[in-house]
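Since the structure comes first, as structure tokens, the remarks are kept for the end.
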Amino acid sequence: MCTKTIPVLWGCFLLWNLYVSSSQTIYPGIKARITQRALDYGVQAGMKMIEQMLKEKKLPDLSGSESLEFLKVDYVNYNFSNIKISAFSFPNTSLAFVPGVGIKALTNHGTANISTDWGFESPLFQDTGGADLFLSGVYFTGIIILTRNDFGHPTLKLQDCYAQLSHAHVSFSGELSVLYNSFAEPMEKPILKNLNEMLCPIIASEVKALNANLSTLEVLTKIDNYTLLDYSLISSPEITENYLDLNLKGVFYPLENLTDPPFSPVPFVLPERSNSMLYIGIAEYFFKSASFAHFTAGVFNVTLSTEEISNHFVQNSQGLGNVLSRIAEIYILSQPFMVRIMATEPPIINLQPGNFTLDIPASIMMLTQPKNSTVETIVSMDFVASTSVGLVILGQRLVCSLSLNRFRLALPESNRSNIEVLRFENILSSILHFGVLPLANAKLQQGFPLSNPHKFLFVNSDIEVLEGFLLISTDLKYETSSKQQPSFHVWEGLNLISRQWRGKSAP
């Protein structure tokens, strides 16, 4: 009996483990894919970054002692200080993905020119001066391992580092340079040996410094006065032969409450493409969490006075006076009134191929306040406003705009043939279209920040709506100097996408 029970218990244990692990699976709200094209461009940009870094970087001092037998000198103590790389060339450099591991860097046939100060001391003499060091046959290979820390920051680790310099030539300058250059060759070998021993530790030190910078990245970004956006990594990068995927949490929180929304992200798969350097998939979950967080914060509640409505009806061909007179005709009003609109549920997000819609369930109240009296409700009813979401990439942000597709009061079908109901529905639709949506679009102008590498700009960007997620395809451009970012407070010249869902980034 006992022998039969043990396999059953083990089976139950394994099933329980599978259930627990599957129930704890976390899917990303944002998925970023780096392709081989990005790595190839990264080699070019990397050279610019290294050049900029080397202008400010001072290498460790190099010192030692050598005997010069041909001069009958027992020892010469030497010290090279203030070592700076003045020029370099790495013509054969490549980056490649190592599936499941990281990114392999390889360079060979490199050269470098180094300037340095030196000092010599021996039983016969001591002196100081300057020197130039030419290095050739530079070879380096190593693998950068990418993981994440407990706070969702990316971390880097150098593995299998191998670096070698094949040749070194020293040229001394100064009054006795002819003398020193005559015995420079015997010193080149120990210099080469010391440099070869220093290279991998120097590179590892730079990776460590880069990790320190990565650990300070803000994975929680304040979007507005109501919400935060979590950009943290939820898992280590997924690496294949052709690309690297970063899974980011991509969820909005109310400013005062970092609790996950009452719904979970669903998995989505980026299409197998390689024409762009970077692909960013933004899941429906990302937008749903933004909707929920703003709803929780009360952002979707608005009250408009007669004067405020007037300011937004200037584009209405019928004119505000005509609309207000129709309302007054129905309710026999002589005093100013207010319109209060409140979302009754978080707006509903729906992403289908070529179509991004936002349905807003809400209630609308017409209010008035006679002199020396409290606010009175004239009428209150529920409605659903269906809107299309227009998209554009402006700078490094995804900017949205809303346009009204349909406005429908929540009434029994039997009442829809009532002429007065239809008139009122049209009036409220006009108020929403010309009064409320312009206010919403003004707030949406600040956009959502898109995560991108430091000093890299998005260029040749394209937006596509697929089932369940938004796909951004873009190339990258490295900016050596910081330029002022475009303003997000002006809409003139923007080609906002309404029906054509594939678009280029704004110029």
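Here the Cβ of each residue, glycine as well, is placed from N, Cα and C on the backbone.
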Item to check | Among Cys12, Cys161, cysteine joined to Cys200 by disulfide in Swiss-Prot | outcome: Cys161
Next on the checklist: Return only the integer: C-alpha distance in Å from Asn355 (N-linked glycosylation site) to Cys161 (disulfide bond).
Outcome noted: 49
Next on the checklist: Among all protein chains shown, how many Cβ atoms are found within 10 Å of the Cβ of Asn225 (N-linked glycosylation site), not counting that one?
Outcome noted: 8
Checklist outcome for this item: Check: min Cα-Cα distance from Asn79 (N-linked glycosylation site) over recorded positions Cys200, Asn257, Asn372 goes to Cys200
Item to check | Length of the line joining the Cα atoms of Cys161 (disulfide bond) and Asn92 (N-linked glycosylation site), in Å | outcome: 17
Next on the checklist: I need the CA-to-CA distance for Asn213 (N-linked glycosylation site) versus Asn225 (N-linked glycosylation site), whole Å please.
Outcome noted: 27
